[in-house]
Amino acid sequence: MILRLAGVSKRFGAVVVADKIDLDVARGEALGIIGANGAGKSSLFNLITGVVTPDAGTVSLGGRDVTKVSLRNRCVAGIGRSFQIPRPFESLTVFENLLVASEYGREHGHRGANELCGSILERTGLAAQANTLAGKLTLLNRKRLEMARALATQPDIVLLDEIAGGLTEAECHELVAFIRQLNQEGVTIVWIEHVVHALLSVVSRLVVLEFGRKIADGEPHAVMNDPEVRRSYLGIDDEVAA
Amino acid sequence: MDYLNTIVQGVLLGGLYALYAAGLSLIFGVMRLINLAHGDLIVLAAFVLLAMVSALGLPLPVALLILLPFAFALGWGLQRFLLNRTLGDDILLPLLVTFGLQILIQNGLLVAFSADSRKLSLGALETQSVNLLGLSVGLVPLITFAVAVVVLGALSYIFYGTGLGRRLRATSDSTEVVQLMGVNPRVIFAIAMGISFVVLTIAAFFMGVRSNFDPSVGPARLLYAFEAVVIGGLGSLWGTLAGGIILGVAQAIGARINPEWQILAGHLVFLVFIIVRPRGLFPKQ
């Protein structure tokens, strides 16, 4: 397993964002996570990356317990992450954003940082904006930059948080092809997404969260047909419909 | 011609104020920390230079060159082992700690050097002048201004032309996100403080050569530095030079009208900026 969460719980006052979550992610897997707003999806990423410390449970990466490891060292250990609300370094250009990530991510002072960043910009459709200040990007390009910057750290596992929202159908198709290719290259993907058709065309496993609890975990189409998931996520009550 | 002379003297004085302000501006720009001990650290560095010259018999410029790497190390250590522990959501804590440091330095200097007024000497260079625009301009003020421009140019290069600068700017944008890129902000902050100490040591050299100093003059240097930073725009490096020049010219004109108005004129201009343009001339976006 590249990532293992065992009994991870977190609450902020009365709000439970993670309730005894157990989750195993195999190396090379593409895992999707869905859930209504407030289900605890982004909080789960915060727990995995170390932005938030769990009240209980452990987070392991490649068999090593990283529950008390700093954000920085989790990045160095191989976790890359994009944010749902983009958080680029606004006073840096797009290219500089990637350079910071590539130089310090996995290998300090990476000699081929320029080439690596150039290639990621090409693949994420940001090459034309390389010298634009990140603070001046459109929302769509900010989302692209989030993903590009996460990839520039050369992660073993990349956590993508709602990157398809707001894309046109053609752009979404491109994104899906890109993520699928990344996964085929050996990068483990954990993807939170509301654009379910995009998600389902990439992932081989789907997890559903509700109020910080994992209510389903399995083959995507089976999960989508699960009555509890249909009730919780799609608002369809099969018993009433019958 | 008298007023032209006054303005030129004011501009050159602004170079010294820019040197006072550059380190303060750098630290505020990178970690939003206002170092209340900045002025006293300048005075401390001037006393250390004085001690090196009188105890070791070193020429003053040689003493400065020897002191610079130690100044970097001291700044690095102060940030790494003390000030980093104060940074967080509560902005009061670093203010209180640097205020305490200020008192510690002032009293330490009083014990070690007494309250007597001192001066650093550059020998005959201090009395030499050059002809500029038909005016006789002191060589030391001219060198001070030139060094201020070089220091700000070097800082600007570090900030915008190097990998370290990228990490300084990225850390300034978000200390949390930069960690997700593998950067340790505590190390970056320590390097920034080390650089700030190098700059304030250079400022101490010129302060000591151009004027008398004693353990109590630190807060006034802090005030000039703070005013130059605010007038120039918080966190803007070249803004500090503009702020220093405006402050220097205001003081020179004030002194020209009435010698007692020199300091007051600078403060009045600062107050006008606070009212009319509170974010300064070149605010960081």
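Each Cβ is built from the backbone N, Cα and C atoms, and glycine gets one as well.
Note: TrEMBL annotation is automatic and uncurated.
Residues 35, 38-39, 42, 132-133, 135, 137-138, 141-142, 144-149, 151-152, 155, 172, 192-193, 195-197, 199-200, 202-203, 206-207, 210, 221-222, 224-229, 232, 234-237, 239-241, 243-253, 255-256, 284 of the same chain sit 6 or more residues outside the transmembrane segment (B:6-29) yet have a Cβ under 8 Å from a Cβ within it. Per TrEMBL, the feature transmembrane segment maps to B:6-29 (among others).
According to TrEMBL, the transmembrane segment annotation covers B:41-58 (among others). Residues 20, 35, 64, 66-67, 71, 105, 109, 112-113, 118, 120-121, 197, 200-201, 203-205, 207-208, 213, 215, 217-218, 221 of the same chain lie 6 or more positions beyond the ends of the transmembrane segment (B:41-58) yet place their CB under 8 Å from a CB of it.
What TrEMBL lists as transmembrane segment is B:95-115 (among others).
The transmembrane segment annotation in TrEMBL covers B:135-160 (among others).
Long-range contacts of the transmembrane segment (B:187-208) within its own chain (CB-CB distance under 8 A, at least 6 residues past either end) are made by residues 16, 19-20, 22-24, 26-27, 30-31, 35, 38, 41-46, 49-50, 60, 64, 67-68, 71-80, 83-84, 87, 118-120, 140, 144, 147, 151, 155, 158, 164, 167-168, 171, 178, 221. The transmembrane segment annotation in TrEMBL covers B:187-208 (among others).
What TrEMBL records for B:228-249 (among others) is transmembrane segment.
Remote same-chain residues near the transmembrane segment (B:261-280) are listed as 224, 227, 229-234, 236, 239, 243, 246-248, 250-255 (criterion: CB distance under 8 Å, separation of at least six residues from the stretch ends). Marked as transmembrane segment by TrEMBL: B:261-280 (among others).
Taking residue pairs at least 6 apart in sequence, the transmembrane segment (B:95-115) and the transmembrane segment (B:135-160) share fewer than three C-beta contacts under 8 angstroms.
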